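Trainee: One structure is given below, represented as structure tokens, and several questions about it will come after.
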């Protein structure tokens with residue numbers, strides 16, 4: 001054997017080096033995955049801890065970037081020629097597929113992180129040849145560097161593409177920060193085969209056609225629906241049902257869906273010029289010398305008129321690089337016949353086409369083609385709900401243009417959160433209901449003396465530490481770092497649906513809110529100037545006062561940070577249906593689970609912690625502290641490993657780790673455990689899976705041991721206060 005085949009250290013035949021070999025996950029596939037809590041660390045980010053993207057973006061000459069993008073649109077490159085001499089449709093598809101991974105069920109996906117650059121999205125079958133779009137953008141990204149992220153640039157390129165083809169957009173907001181490693185927290189499905197149909201193992205469908213939550217795409221590797229129809233079956237009516245379900249899960253209603261489909265397909269064409277078997281591997285599987293590009297095709301020239309992408313071939317309308325009513329006009333004007341594309345895909349061609357509606361070839365001006373529609377397109381004509389909407393848009397071009405512009409803005413900005421995060425000169429002034437608007441601060445804020453006085457009044461109101469802490473947690477912990485929704489700002493906990501969620505114990509919640517509203521009313525009425533306190537601030541302040549009181553009960557003097565400035569949203573600013581997805585079906589921090597789930601309780605806890613942007617130590621200290629503060633749902637004693645009441649001690653960890661206790665499952669509930677004295681057999685404690693995992697899981701136990709040591713009390717209080725403040729402030733983008 002050649003010396004080159006041997007390890008330079010051991011001299012043995014080379015094997016995978018650092019990070020290779022059989023992994024813990026291979027040995028123990030059911031091991032709790034805590035890695036999702038430690039993604040995107042400073043160790044993977046080349047920009048450094050002091051880098052402030054928002055400040056850099058503010059220095060960007062956005063107008064100059066847009067001019068460069070407009071120029072690029074028609075600067076066709078030989079290595080990847082532009083269809084019809086215009087890259088606009090390609091960039092629209094790139095931006096659309098960047099944003100289109102968003103699903104409202106858990107808020108994950110979307111354009112906000114630039115993750116299309118990384119696996120798995122850079123190699124998804126539905127993203128075929130979008131690697132070329134990003135490579136075309138590289139000179140512009142290279143020119144402006146750190147002042148514009150890839151995430152922002154991809155969306156901006158889509159906007160400029162639309163504008164360059166004749167439609168003014170609704171606006172653009174910057175502020176999306178790039179990630180630098182693949183996102184591990186996003187569940188894309190369980191299938192082990194790209195584009196697996198619903199009859200394959202580990203399908204995302206059950207029942208007649210019930211799509212697994214929180215997924216929105218119909219197949220692994222697709223962004224939306226299968227354009228050929230459900231599982232490739234060319235049935236427009238059935239396709240309409242898929243389209244409706246998928247777009248609804250992306251937070252789009254029927255009118256927005258029709259506008260997006262019809263508006264998006266006003267531009268460009270599909271590519272299926274030949275046998276898909278001639279297309280090479282995706283970027284992540286491509287040879288090193290391809291330099292990050294994939295899908296190299298040996299069909300003809302492999303580009304231009306020989307391009308193979310989706311497998312469907314053709315354009316929807318006569319002028320594919322101009323905003324007009326051509327798509328809807330052609331859709332309703334003609335009957336359609338089912339054919340196979342050169343790549344073998346199901347598609348539809350218009351019958352008996354007038355010459356004026358024939359489409360000039362994208363690369364040969366001497367050729368013309370009949371307009372094409374996908375099965376999904378035809379759902380706009382045959383679905384009984386979509387059809388009248390589409391006809392109305394056809395008859396009202398201005399309404400259609402406005403509907404598409406607004407829906408496109410929503411599509412590309414949905415995961416950014418509130419307007420407070422928007423940057424740049426093109427931010428629309430209009431408040432939109434899906435942005436969860438909150439009134440701007442219009443009064444003088446409370447000062448340190450007011451804060452101290454209000455805390456004293458709250459503690460003297462008769463509300464317990466448990467009530468104060470639980471209410472503040474219920475308000476703030478709705479936040480999702482995935483799409484920056486939820487949180488305490490706005491005090492929407494007083495409105496439906498949040499006030500009625502089971503986890504919030506509605507009757508108990510109303511008592512607390514009424515008491516706090518009384519304190520708010522008295523304080524505001526007693527001010528001679530314009531000073532006020534919002535209920536949103538008072539809810540959080542009450543929680544902070546409760547934590548401080550519990551720390552005092554433990555002999556610690558803890559000052560919990562508090563920054564006023566939250567405002568109270570109006571009920572008309574609150575879309576109840578939209579907020580319903582924020583309801584916790586399980587909240588391990590409150591030892592709550594609405595029902596039995598196939599997923600283990602500790603996995604649901606980690607998922608929730610990740611949405612709250614918590615690390616494993618933060619999750620650990622919060623669970624241990626909240627148990628001591630009486631924050632359990634229904635005043636349950638599960639996990640309350642202490643004989644003290646409302647006292648912020650490290651008893652949870654001390655007693656959890658006590659070898660004098662032996663644990664066994666409860667005879668009444670397999671997810672509840674009983675801890676008995678090892679010697680006497682006397683019952684000492686009860687706990688759930690969420691409680692015991694901090695003693696069972698080796699990584700979490702290592703953290704728990706830090707807080708369970710004799711010198712752990714002080715650090716426990718400090719770390720709990722810091723983690724508490726983090727959760728209370730997650731939505732305070734105004735403080736950034």
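Cβ coordinates come from backbone N, Cα and C, glycine included.
What Swiss-Prot shows for this protein is this:
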ACT_SITE  97  active site, proton acceptor
BINDING   265  heme b binding site
REGION    1-25  region 'Disordered'
REGION    294-313  region 'Disordered'
SITE      93  site 'Transition state stabilizer'
Trainee: According to DSSP, collapsed to three classes, what secondary structure does residue 265 (heme b binding site) have?
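Mentor: The three-state answer is coil.
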Trainee: Report the same-chain neighbours of the residue listed as 'active site, proton acceptor': residues 6+ apart in sequence with Cβ closer than 8 Å to its Cβ, ordered by sequence.
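Mentor: The residue listed as 'active site, proton acceptor' has long-range Cβ partners 116, 126, 127, 130, 223.
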Trainee: Looking at Cβ-Cβ distances, which residues of the chain lie under 8 angstroms from the residue listed as 'heme b binding site' while being 6 or more apart from it?
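Mentor: The list for the residue listed as 'heme b binding site' reads 316, 327, 377, given in order along the sequence.
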Trainee: Run through the Cβ atoms and count how many others sit within 10 Å of the one on residue 93 (site 'Transition state stabilizer').
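Mentor: I count 25 other Cβ atoms within 10 Å of it.
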Trainee: With DSSP helix as H/G/I and strand as E/B, how many residues of the region 'Disordered' (294-313) fall in helix, strand and coil?
Mentor: 3 helix, 2 strand, 15 coil
